[in-house]
Amino acid sequence: MAGHMQAYQREFIEFAIEQGVLKFGEFTLKSGRVSPYFFNAGLFRSGAALARLGRFYARAIIDSGIQADVLFGPAYKGISLAASTAVALADQHGRDMPFAFNRKEAKTHGEGGNIVGAELKGKVLIIDDVITAGTAIGEVMQLIDAAGAQAAGVVIALDRQERGQAGDEIKPQSAIQEVEARYGMPVVSIVTLDQVLEYLETQAGDELKPYAPAIRDYRERYGVAKA
Ligand SMILES: O=P(O)(O)OC[C@H]1O[C@H](OP(=O)(O)OP(=O)(O)O)[C@H](O)[C@@H]1O
Ligand SMILES: O=C(O)c1cc(=O)[nH]c(=O)[nH]1
């Protein structure tokens with residue numbers, strides 16, 4: 001995949017930078033690692049931005065060829081992502097798919113339960129922003145199992161392509177690769193770190209290019225083998 005970037009993937013990187021979602025500098029991750037870049041999907045926060053974001057997810061889904069019966073957005077951030085994706089799939093690709101999300105806390109009054117929207121049945125496609133340790137996906141898999149449905153795969157915005165961390169130990173695989181192996185399903189991303197790096201090294205303007213070497217070093221230190 002490295003070195004091959006489609007136009008929409010370059011546009012997505014530019015869009016994420018423009019929205020302040022993809023930032024360069026020094027950031028401490030959940031794992032404790034200090035990363036030269038960070039992706040904060042919570043900053044896609046206007047109607048126009050969400051509409052555009054949904055089109056990128058929809059495009060990645062179509063490109064992946066994954067077939068699914070229902071879209072699922074894990075609370076909280078996944079909810080608006082899956083909703084935007086559902087709108088874009090219907091508007092741009094003529095695919096009107098059922099859409100659901102969970103509540104983090106089950107509701108005991110009214111309709112009750114912790115799933116809102118469409119029934120989870122058939123093949124469920126999970127839409128989220130990033131996978132860090134895979135915990136959120138594990139929780140969604142339990143919900144899908146409990147409903148008697150199957151998971152079709154996961155679509156995220158950015159694959160950081162980095163090895164997992166367990167205490168002091170750096171694991172051989174990324175959390176994404178572990179999710180794929182454990183659940184036997186594909187995880188696709190709109191873009192990968194390799195593509196962000198390619199963008200910075202070959203296409204970015206003078207104000208962003210200087211961030212590339214630190215990201216390359218980080219990729220070499222913590223990155224998984226190239227696909
Ligand atoms: O692979 P993991 O280690 O689970 O990390 C990734 C998850 O963490 C974040 O959500 P979070 O659980 O913080 O909830 P939020 O969407 O309410 O912010 C993110 O949106 C993913 O769902
Ligand atoms: O590993 C993380 O904590 C993490 C990295 C990143 O780029 N974005 C995010 O939301 N979390």
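Each residue's number is its place along the chain shown, starting with 1.
Cβ atoms are placed via backbone N, Cα and C, with glycine included.
The 5-phospho-alpha-D-ribose 1-diphosphate binding site feature in TrEMBL is assigned to K30, 76-77, 103-104, K107, H109, 128-136. Long-range Cβ proximity for K30 (5-phospho-alpha-D-ribose 1-diphosphate binding site), meaning a same-chain Cβ under 8 A and a gap of 6 or more residues, is found for T132, A133. Under the DSSP three-state reduction, K30 (5-phospho-alpha-D-ribose 1-diphosphate binding site) is assigned to coil, being neither helix nor strand.
According to TrEMBL, the feature orotate binding site maps to F38, F39, T132, R160. Neighbour count (other Cβ atoms within 10 Å of the Cβ, all protein chains): 20 for F39 (orotate binding site).
Under the heading domain 'Phosphoribosyltransferase', TrEMBL lists 49-165.
The binding-site residues under consideration are K77, K104, H109, R160. Their Cβ neighbour counts within 10 Å are lowest for H109. Cβ atoms within 8 Å of the centroid of the Cβ atoms of F38, F39, T132, R160 (the orotate site) belong to the same-chain residues L29, S35, Y37, V130, L158, site residues excluded. The maximal spread of the orotate binding site, taken as the longest Cα to Cα distance among F38, F39, T132, R160, is 12 Å. When the binding-site residues K77, K104, H109, D129, I131 are screened for a C-alpha within 10 angstroms of the C-alpha of R160 (orotate binding site), the residues that qualify, in sequence order, are I131.
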